[in-house]
Amino acid sequence: MQFSKMHGLGNDFMVVDAVTQNVYFSPELIRRLADRHLGIGFDQLLIVEPPYDPDLDFHYRIFNADGSEVAQCGNGARCFARFVRLKGLTNKNEIRVSTQSGRMVLSITQDELVCVNMGEPNFEPQQIPFRANKAENIYLMRAAEQTVMCGVVSMGNPHCVLQVDNVKTAAVETLGPVLESHERFPERVNVGFMEVVHREHIRLRVYERGAGETQACGSGACAAVAVGIQQASLAEKVRVDLPGGSLHIAWKGPGHPLYMTGPATHVYDGFIHL
């Protein structure tokens, strides 16, 4: 099976063309391939499938390193767009794809960055899903023997965002796994730790559901900005600094889609016998 290794700001992926190849991945196989000592090593596996709708170009599937399938990955979406162009699967600059959670439009910019229309952030608890009586800008939760304040949103996948004074010293390793599997998130959650530098600049670390802390999380950056705008602490255009680099997020508010722009890097092509 042929594959490519790619990354978006250090969030790394194994990308597989299932348009021209017949492939099947069991959770056990994914876990073996994700192992950085015994396999390829990656945060997520991305699979390019033929479209299910004639109006679309491809279907986009995402699997975490633990073998679980998820509905969204923003950094992966940028790598997906770069991959299908590099492999000659399309020559379009605007690529329309379906995911488990809906549809996305991926646009290649003139300077070879990828702009992703991530759709409109969803703050409705039942659709995140998050156990709450009603939608709030800020929720109080008990975790790791303390009370934390957070915003909760879906970007096609669930996110919990905490504002911290200093992202370098944030309790990512202790609070991250506790909140990820908190009972109020029936499908678990990605946990973002956001430091607001000013209204157009934040620093962010993300503990990803099923993957742990990663170098960058695209949907997490989108979620942090959406929550920051909802809480009136951020402007419409924000630079997000992650451990692996920077993304640019733009959102005009409710009723509008959110856009994420950033790089996608091809590392190497490989072949593995399964």
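Cβ coordinates come from backbone N, Cα and C, glycine included.
Of the listed candidates (Asn91, Asn93, Asn157, Asn166), Swiss-Prot assigns Asn157 to the same substrate site as Asn11, Gln44, Asn64, Gly74, Asn75, Asn190, Glu208, Arg209, Gly218, Ser219.
Here the CA atom of Cys217 (active site, proton acceptor) lies 6 Å from the CA atom of Asn75 (substrate binding site).
The Cβ centroid of Asn11, Gln44, Asn64, Gly74, Asn75, Asn157, Asn190, Glu208, Arg209, Gly218, Ser219 marks the substrate site; residues of that chain outside this set whose Cβ lies within 8 Å of it are Asp43, Ile62, Val70, Gln72, Cys73, Gly76, Val206, Ala211, Thr214, Cys217, Gly220, given in sequence order. Of all the recorded positions given, namely Arg209, Cys217, Ser219, Tyr268, those whose Cα is no farther than the 10 Å limit from the Cα of Cys73 (active site, proton donor) are Cys217, Ser219. Of all the binding-site residues listed here (Asn75, Asn190, Ser219), it is Asn190 whose C-beta has the fewest other C-beta atoms within 10 angstroms.
Neighbour counts were taken at the CB atom with a 10 A radius for the binding-site residues Asn11, Asn64; the maximum falls on Asn11. Taking Cα separation as the measure, Tyr268 (site 'Important for dimerization') is nearest to Asn11 of the recorded positions Asn11, Asn64, Asn190, Cys217.
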